[in-house]
Amino acid sequence: MIDVNKFESMQIGLASPNKIRSWSYGEVKKPETINYRTLKPEKDGLFDERIFGPTKDYACACGKYKGVRYKGIVCDRCGVEVTTSHVRRERMGHIELAAPVTHIWYFKGIPSRMGLVLDVSPKQLEEVIYFAAYIVIDPGDTGLEAKQLLTEAEYREEKAKYGNRFVAKMGAEAIRDLLKQVDLDKEVTALKAELQTLKGQKRTRAIRRLDILDAFRNSGNKPEWMVMETVPVIPPDLRPMVQLEGGRFATSDLNDLYRRVINRNNRLKKLLDMHAPGLIVQNEERMLQEAVDALIDNGRRGRPVVGPGNRPLKSISHMLKGKQGRFRQNLLGKRVDYSGRSVIDVSPELKFYQCGVPRPMALELFKPFVMRELVRRGIASNIKNAKRKIDREDDDIWDVLEYVIKERPVLLNRAPTLHRLSIQAFEPVLVPGKALRLHPLACEAYNADFDGDQMAIHVPLSDEAVAESRLLMLAAHHILTPKDGTPIVTPSQDIVLGNYWLTQAEIGREGEGMIFATPEEATIAYNNGDIHYHTIIGVSAASMPKKDWGAGHEDSIFVTTYGRLVFNSLFPDDYFYINEPTQDNLKQPMADKYFLEDGQDIQDKIAEIGQDLVATPFKKGFLGDTISEIYKRYRVQRTSEYLDDLKEMGYSASTISGLTIGMADIPETKTKDALVAEARKQVKQVSKMFRRGKLSDKERHDNIIKIWTDCKDAVQQEIAEFKDQKNPISVMQQSGARGNISNFTQLAGMRGLMATPSGELFEIPVISNFKEGLTVLELFMSTHGARKGMTDTALKTAQSGYLTRRLVDVAQDVIIREDDCGTDRGITAKAIVDKDAGLIESLYDRLVGRFTNRTIRDPQTGEVICSKGVLMDEQMAQKIVDAGVQEVQIRSILTCNTSHGICRKCYGRNLATAEEVEIGEAVGTVAAQSIGEPGTQLTLRTFHTGGVAGAEDITQGLPRVQELFEARNPKGRAVISEVDGVVDKIESNAAEHLQEITVKGKIDTRVYTIPYTAKPAVQEGDEIHRGDKLIPGSIDPKELIKVTDTLTTEEYILAEVQKSYRTQGVDLADKHAEVLTRQVLQKVRVLDPGETDILPGEVMDIAEFRDRNRDVIISGGIPATAQAYILGITKAALETNSFLSAASFQETTRVLTDASIRGKNDPLLGLKENVIIGKIIPAGTGMPIYRDQVPKADVQQPDSVYSIADLEKKMEDENKETESK
């Protein structure tokens, strides 16, 4: 039997009239739908059971045949086939048109496909199709020309003159006849010859025509099929009609549109039978043409057909388009069974891989499993009985439910699903109530809080789905974020606060200086009240023999606090003792200074290093570092345990600490009043100078803003110096649990300057703080900023979501396809430094997790640090940086040779697992999510670099990222040099308000004009290279690629993307930006086709271009030449090889029109196109190499036991046998 789900590709084409008839199960002749009294479909109508199949399963319309046993019989009385009613979703009908009509997509699209084939302008076409003019089809021996347009009067005149010696017609029939006459081969040859001489607009049009004629020739579609003689009628269940209460009917708009077509068609038939006058027939034909236009794409031409309440009717095109269309609503995202949603609540007692599911919800979700188990155990006699027990919620079902949910993970998802960590698997635990329970550490990945957030739950049903959920999606595996490889499960709030308080030290606490032989002894002393968590004590290192204490310290006494001793009990036994929050202590034994020297008194040691302990409680960032380090050393299982222990410890310690906030905890500032008085004095001074005309209004404004900003900074400085380890607010802020210095300043100092609705700053600051309370005016001023903040956030979310969608669409088919593409190319990695922003990304960051492409040697000694083809880990990268190496050749995604994807060696390490990436990993989607997800954290504004002459508006944040990936002309564009050379002179031309920079190259000299106000970025005598900036600003990648090469442009885009993210505090891995940059530069534009069959100016994939050239070179011809072509992500997503993916993205009708004319073949390589047609996606476990592995079971018992040598000989013999066959 054929596997319906196994096909290589999917093709689209134009349907010929005969093809439409072959799909059809019968002609729809009447506009009737269903009989309003009997509610039965009318005969020959739009819902006819004879055409479309029975409305009831296995029952004909008249009731003569009922039941499965009559399957396949056609009733002799009513003519309905006995089969399932499901066929009403599949069977099509057709309408035989009395006159041909054009298909609006091919006539009205831009460019008009019919117009190009016939070489007639769209305006003229419209006149002919809608019966405003005649077109000459065959001029005969008259003086007329073919395709000449004649008005009614001219036609009569010519007819009187020449009689029947020429043929001219109107309407779609004329267009059909002309299209039939087109000889594609002849036209293509003629056009190719013409192209040699044509220039400008004519050449562009000729290339367009050639492209479309070539498409028809190669696809096997005939041009006349763009004119329809029959209209297909889609299955009735896809355009349903349902009865509402009160006897009225709700129907799909398509039925109304079909009825219009049928009515007009029937009227036209009648008029033709009656031999009505030509004018009346023409009018009816025009109305039929308009009815079919409205059916296919209502509103494309003229005013749309409206239904009740002046609402435009939804045509077939509208059914496909947009978010509510068939593609995005029903094919890419479906509603699924075995799912639920509820409010979430926190549950600190859960393990990291667990979630709480309310009992009633679990019972409903796992109902079939519970029913089966009830029957299996004999608690219920059959399934019906089991269902009844569940509905009644009998006592004996709960044990069965507990048993059933063991080993069956569920998926939890929170919208918006910004990245793959927004869906994770958990093992369900039954909980009372109605809320889903979530582990506190899972919140970060979901960006969830418990102020009313809701989450959806899904049950994986098949064994494969369960296995994937457990092995790949379980929350315990998602410790690192794919964005940059850092832990995403960093503790927050109470957990941070508790562990910070636990690891604090205090001089002079009870029991200070006590020495304990083992940690257990210290615990007894704590329980007896002899010591406190913050007490500094001594402990014998010998009590923890598995730890690495460093040379000679195995039997020493070390100084620590009891709290830190307890904290260290969370770590594995063989991990270092962490006594101070430093990177050194995480990677090597504790510093020597904490050990007692022989004979040294512990009190002396405390006097010496006590302050070091006091100054170093463990903050939030350090807790994250410990998770990272434990993950690197011990992997998933142990890290998951550590996280749960850390959570328990944090909650327990913050409970014991009893930290709370009161008004009294907000400190008073001593200097604020004096600082404010001084600022007011300075403001008065500035105003005075302005009144005397010594300052412009802008200078006055800027000065006042600066005075108040300085004042607020001084107040903030005083508050920042307030570090009281006993003050709860201070402890919360310093530990990283909640709040930052700015919040603290607003509580205790002053709020400072506020923004106006336009984004400027008010000159009057808010002097009060929240402890004192604001005046009415101050409160009013604050509201502008608050509202603007809310609006900005809402806008940013939408912008960022749309960016993510475009990124995913362009990168979704980038999958790791092979182990090594074998390229010897790579990129030179060096630190990314910006003139203004300083260091953007260090060399170390760029090396970790990448493969070397050349051997790396020490610049001083010349010894090999790392050989070629090695995956660099943190230690190796640090070693390279420490050796003083400035540049390293690495394998890169930008230079990978794998087609339709990337190889493992060019990608390097998978950031989410810290291992080398696996074949099948969907790295494109991950890259798109990693760039899109932090989009909401970037700013939305275009900053104006204040008052500097010549400084343009520089775009930053989200708009800048969009500008780069969409390849738009950047704001504040920099002029770049097109030659290598020296800056000869810089001159100002005051008369023309210009400056001129002369660059002297080796071959020619170039003069660049720049604005008079711009400040040149070069000086006379500077040596510069192609692509270097002459004035500050953003380089346009399209210009850069013309003067340099693809790789330089890609590296520029990469550096700029990193600048946008890292300056906003978002660490993004290079490889994600590389994946998308590669996608934007996948195409080339053909300059000279040589002896290939490519068209000049055609834009095509680099891989396809190489293949076409290879074929020509092999046969000894002249290859084509092309230049790199940069496409924005939207364009690139629409230009993809998959028409399904492009059509479901944007401009659905345009994509489908083009694809059908070209007879496009979708190779189904990406993810979206496979989701659309319901196939398993070709990534991850859906990769053919994983799917096609069939576990072999040897059923035959061996006659005797073979040795290895026997087996090898047997296999050799079998191979020879098959070869001889």
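Along the chain as shown, residues are numbered 1 onward.
Keep in mind that glycine also has a Cβ here, set from the backbone N, Cα and C atoms.
As the structure is a computational prediction, the values presented were derived from the model and not from experiment.
With Cys896, Cys903, Cys906 listed by Swiss-Prot as binding Zn(2+) 2, the candidate from Cys711, Cys821 annotated for that site turns out to be Cys821.
In this structure, the C-alpha atom of Cys62 (Zn(2+) 1 binding site) lies 67 angstrom from that of Cys896 (Zn(2+) 2 binding site). Taking the centre of the Cβ atoms of Cys821, Cys896, Cys903, Cys906 as the Zn(2+) 2 site, the nearby residues of that chain (Cβ within 8 Å, site residues left out) are Glu818, Asp820, Thr823, Arg891, Ile893, Thr895, Asn897, Thr898, Ile902, Arg904, Lys905, Tyr907. Comparing Cβ neighbour counts within 10 Å across the binding-site residues Cys60, Cys75, Cys78, Cys896, Cys906, the minimum falls on Cys78.
Per Cα geometry, Asp453 is the residue among the binding-site residues Asp449, Asp453, Cys896, Cys903, Cys906 nearest to Cys60 (Zn(2+) 1 binding site).
Taking a C-beta cut-off of under 8 Å and a sequence gap of six or more, Cys821 (Zn(2+) 2 binding site) has these contacts in its own chain: Cys896, Asn897, Thr898, Ile902, Cys903, Lys905, Cys906. For Cys903 (Zn(2+) 2 binding site), other Cβ atoms within 10 Å of its Cβ number 21. For the pair formed by Asp451 (Mg(2+) binding site) and Cys78 (Zn(2+) 1 binding site), distance between Cα atoms is given as 62 Å, rounded to the nearest Å. Close to the recorded Zn(2+) 1 site, the chain also has Ala61, Gly63, Lys64, Tyr65, Asp76, Arg77, Gly79, Val80: residues not among Cys60, Cys62, Cys75, Cys78 whose Cβ is within 8 Å of the site's Cβ mean position. The most crowded of the binding-site residues listed here (Asp449, Asp451, Asp453) is Asp453, judged by how many other CB atoms sit within 10 Å of its own CB. For the Mg(2+) site, the Cβ centre of Asp449, Asp451, Asp453 serves as reference, and the other residues of the chain with Cβ at most 8 Å from it are Ile344, Ala448, Phe450, Gly452.
Across the structure, Asp453 (Mg(2+) binding site) and Cys78 (Zn(2+) 1 binding site) place their CA atoms 57 angstrom apart.
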